[in-house]
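As structure tokens, the structure follows; a few thoughts come after it.
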Amino acid sequence: MERRWVFVLLDVLCVLVASLPFIILTLVNAPYKRGFYCGDDSIRYPYRPDTITHGLMAGVIITATVVLVSSGEAYLVYTDRLYSRSDFNNYVAAIYKVLGTFLFGAAVSQSLTDLAKYMIGRLRPSFLAVCDPDWSRVNCSGYVQVEVCRGSPANVTEARLSFYSGHSSFGMYCMLFLALYVQARLCWKWARLLRPTVQFFLVAFAIYVGYTRVSDNKHHWSDVLVGLLQGALVACLTVCYVSDFFKSRPPQSCQENEESERKPSLSLTLTLGDRP
């Protein structure tokens, strides 16, 4: 029992270590102060509020995760398709494994995103509207790198975090992780259309979030594209190399279940083969 708790503490420690970069960078909140050219039209767009706010995005992700994971693991444990040698309750152990893996991948994804944001400091499309430069101090004949912003310091700092999109990377990570979870867990014949339908809406939400970041003038299209790719990459690597979703036991993979349903038994094969 004590050994099991050591493993739990080790898992928690790993998640915390993976979270350190984005925690530290967020607390310091000092991105690279990149300058600009007066004639740069890519940062002259008007400021617009978020279509998908942080609260709305968190609500959708948390709801989808709780509903899919809790119901999926409950059904598999109840039907004895999923079991654990843990000292804890089978359902608790199953939920712990999925959520622990999910949180670890989320920490990695967010840390990678914030490293790029704070180290590169790319200006958002609405930077000049947020900055509100004091043009009397600006020499437009060259590269402007002096501090000339009259806008809110907090908003100006936020306007320096364009590359790459955190909404896109985190949204794609979470939704693709859940889509792969559904692929691994929802593997019965009656779910052949239900499974891709659920996966479509999960991934479509992540892509929609990315589109809104461009239309809201929060990110350049390349910021969103890189964010989506990074989120997808981290989700795939986490599911393939950290989780046990596609291991044969537990649970049985979809391929094994389907093959066992399609293939005739050994005795039936031999009987048919002996006929003249």
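Cβ coordinates come from backbone N, Cα and C, glycine included.
Membrane topology as recorded by Swiss-Prot puts ARG3 and ASN217 on two different faces. Looking at which of 5-25, 52-72, 162-182, 190-210, 226-246 has the most CB pairs under 8 Å to the transmembrane segment (88-108), the answer is the stretch 226-246. Here the CA atom of ASN155 (N-linked glycosylation site) lies 15 Å from the CA atom of HIS219 (active site, nucleophile). In the three-state DSSP reading, ASN155 (N-linked glycosylation site) counts as helix. Counting only residues at least six positions away in the same chain, the Cβ atoms of VAL130 sit under 8 Å from the Cβ of ASN155 (N-linked glycosylation site).
Counting other Cβ atoms within 10 Å of each Cβ, the recorded positions ASN139, HIS219, ASP223 show the lowest value at ASN139.
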